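Before any comments, here is the structure.
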Amino acid sequence: MDAKLGIGLFLCVVWVMSGNATDPCGSQPDESDLNVIPVYSKCSPFKPPKADSWDTRIVDMASKDPLRVRYLSTLLGQKTVSAAPIASGQAFNIGNYIVRAKLGTPGQLLFMVLDTSTDEAFVPCSGCTGCSDTTFSPKASTSYGPLDCSVPQCGQVRGLSCPATGTGACSFNQTYAGSSFSATLVQDSLRLAADVIPNYSFGCVNAISGASVPAQGLLGLGRGPLSLLSQSGTNYSGVFSYCLPSFKSYYFSGSLKLGPVGQPKSIRTTPLLRNPHRPSLYYVNFTGISVGRVLVSFPSEYLEFNPYTGSGTIIDSGTVITRFVEPVYNAVREEFRKQVGGTFSSIGAFDTCFVKTYENLAPPITLHFEGLDLKLPLENSLIHSSAGSLACLAMAAAPDNVNSVLNVIANFQQQNLRILFDTVNNKVGIAREVCN
């Protein structure tokens, strides 16, 4: 039986004019009233199959429910899990995580860095000065289109450089992790796993200065108007999550899940806060840190969320190791050293390194959020020297700059966890998930 026909049969009801005194199934003289009646009632023009009892007919009609439910599911938007694979950036000699994406028609494969604190996506385009060998070719895509200064998206990009008059190309300049680049805002189809987002606006990079701009581009997962969530409209209901595999893994075993389908059913959550002055960032209410069984003591003002100063704590996929404001980090470091004992040395950003044989003395570190405690496994709190003889506390003090008031929960501490962002219900969820 055809699915649409089945739906029509079991849900069909007949509309007739209200009855009068002589004929209960007849019309009112002014034809002003309508009644809804069962499909096989006495007033219905449809007659039930002969020899069928009432309960037999109900069973028969109910047997067509799966067709109806299947049809209803097509009206819900997202039906299946949308998951794009994630890997560590070891193959590209970077400390970030990369997602496999395709741009254009036909799709051109790019390994883009995943960044929850940036809105705009950008990729190196053919002819780019200072870029890597792997670039996106606009000429090879049939769905590519330039954007000029008159379009709304152009006014939403940072570092805009448009002429005072006219409608020239939407050009902009930005810095990223100490490097800079110039780009033109364009649009094309973006494919993540099986999903295609048409007319996706991104920066087509034409020149780079410095070595820290991601070689094959960046996918912005922030909360601003040019982020993936914003440009995908209602497709993903403001929800995404990721599981970052271990830094030791070279495989695309992690995943970026887009939309509410396939997300953990049971997950602990903490409120997601919004800073109107830094709207792209995912702020959370971070309340304290325990080293072993000791709740580290420091003034609570160092963790308090303040939208005017920018202080507080964010969860970020682009920073490698967690950074605490200096007084907080110093207090954590001293308690950690006290419990481990022995002699400590420094390696680069890590100032609490010790002989690996003492690793069994290293206390666990627990991050406390409003409504949620996260006890880090050793893999997420200790990093080892390349020779393997030293273990270091994988945290540091925030740099002494504009971000010195900001605590950052970084990607090293997020390994093998499912981090869920729900921007509609304003919550962040964290659940254990081994995705190595």
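Cβ coordinates are placed from backbone N, Cα and C, and glycine is handled just like the others.
As recorded in TrEMBL, the features of this protein are as follows:
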- 1-21: signal peptide (SIGNAL)
- 97-431: domain 'Peptidase A1' (DOMAIN)
- ASP115: active site (ACT_SITE)
- ASP316: active site (ACT_SITE)
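With respect to their backbone Cα atoms, ASP115 (active site) and ASP316 (active site) stand 7 Å from each other. All protein chains included, ASP316 (active site) registers 22 other Cβ atoms within 10 Å of its own Cβ. Of all Cβ atoms in the protein chains displayed, 25 besides its own lie within 10 Å of the Cβ of ASP115 (active site).
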